[in-house]
Amino acid sequence: MSWGTELWDQFDSLDKHTQWGIDFLERYAKFVKERIEIEQNYAKQLRNLVKKYCPKRSSKDEEPRFTSCIAFFNILNELNDYAGQREVVAEEMAHRVYGELMRYAHDLKTERKMHLQEGRKAQQYLDMCWKQMDNSKKKFERECREAEKAQQSYERLDNDTNATKADVEKAKQQLNLRTHMADENKNEYAAQLQNFNGEQHKHFYVVIPQIYKQLQEMDERRTIKLSECYRGFADSERKVIPIISKCLEGMILAAKSVDERRDSQMVVDSFKSGFEPPGDFPFEDYSQHIYRTISDGTISAAKQESGKMDSKSTVGKAKGKLWLFGKKPKPQSPPLTPTSLFTSSTPNGSQFLTLSIEPVHYCMNEIKTGKPRIPSFRSLKRGVSLIMGPALEDFSHLPPEQRRKKLQQRIDELNRGLQKEADQKEALNKMKDVYEKNPQMGDPGSLQPKLAETMNNIDRLRMEIHKNEAWLSEVEGKTGIRGDRRHSSDINHLVTQGRESPEGSYTDDANQEVRGPPQQHGHHSEFDDEFEDDDPLPAIGHCKAIYPFDGHNEGTLAMKEGEVLYIIEEDKGDGWTRARRQNGEEGYVPTTYIDVTLEKSSKGS
């Protein structure tokens, strides 16, 4: 089967067919392009979906901890990888299918144009040969008619008796001329006819079959290319199936990793306050006064008894006690609320805390019907934190258990930072030793600012660790003695009809009012008085600052390079020395930043 022999006379049909083939190729390329756009949009939408539901972590505290959340975020990661595979499919189709189709379509157009031009040229050449043959034929026919006319004229004059011999001779010459020209045109026509027949045979049996064969091969290559692109279209999808299967397996593994018991334990770890549940309220017997009155038989005895009890209650007013959930309400405010339980001043301006029986009934109802008020203990700190407000730096606004965890996490982070700075200091010292031994490698003095900065960071981190460890010890100490305090409070209930709260606040008897000592400054706790020194510590030596120290942290003393200070307390092994300026300002400075000179008496001691 060959187009050259079977379709030798269908040039126009082959022209239309090859054009349709290229149009079909371009249409399929357009289909692939739209499929690529769909894959790209699908991948983009998947990535936007993952980005929308992924956690926006601004700190480590917001990292997911529950297994269900971690599993969901793992699924999002796998879905993000799946979106990446859809992008791979789009890229593969764009490179192997769409790009190849567009290049091949361009080549086909060029090749088709060339073959059709060759066919048209061959046809034009054959038409030219036919015109030459036709012209020679017409000329031969015309000369033959002229020769025939000349012969008739000669015969007519030759038979005419009146014609002269000259006329006959002239007609004979004309006949011979026309006959000669007819013979020449006959030979020309025969030659042109033979040439045309040869060219026509060559055209239909050699040239046209060759051109049509090339067109046929071109069209078959187009069909093969379409088949390859169909296969590449499917292969682009099939190549990513193993990776997509792994993504789906990862989602299944994430689903299997969900542990409900572990999540429940995390809830406990996250919200456990460390407080103990409130103890039982003691029975307060108010009827004993009535029974005493009846037994005495006089009303005056009851009055005297009540007077004695009132005098006893005034003695207890010297003890500072706090109500369980806040301040005692003012007498002129009938509706009780949690925020109106405190009375904070006396006529002379001193501040104190009072308590009456009405808040007891209110709090009993709150405990039974309202939501738990235990979180209100978070801000209690030795009975004064309700006035001072929460201290965020030491996490005192958190319950003991949560505060302990936060402090431990901070200490661990500070220890890691301290280890990093220590490693950097060691590396700088080694580099400094190398520079000192080999000056051509560098200037040892250039490392001094970096060493000073590193030492400053080390001292700062040590002080932070020391401060947080002190807070942690405070929390652990309170947690350790809470059971003993609870036991002692139960004994006090039996003796004084009172009750101690989990953080050291107290409730009072049924009809007694207990007032604490007046506070001159509401924003200062009793800790300030415990650490105030009446007399300044004596100087045991002096020191000179080798490096400057900024002293931004609380309790530190800023100093300039070369400044002379008094030593009032030696280094206890924590890297800090207590110093004082001449103006009396005191604070701690890094021991490694100063040159210490102690007096002989202090050295001997």
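Cβ from N, Cα, C; glycine included.
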Among Ser136, Ser311, Ser489, Ser505, residue that the record in Swiss-Prot marks as phosphoserine: Ser505
Candidate annotated in Swiss-Prot as phosphoserine, out of Ser59, Ser488, Ser525: Ser488
Residue from Ser236, Ser295, Ser473 to which Swiss-Prot assigns phosphoserine: Ser295
C-beta crowding around Lys165 (site 'Mediates end-to-end attachment of dimers'), within 10 angstroms: 8
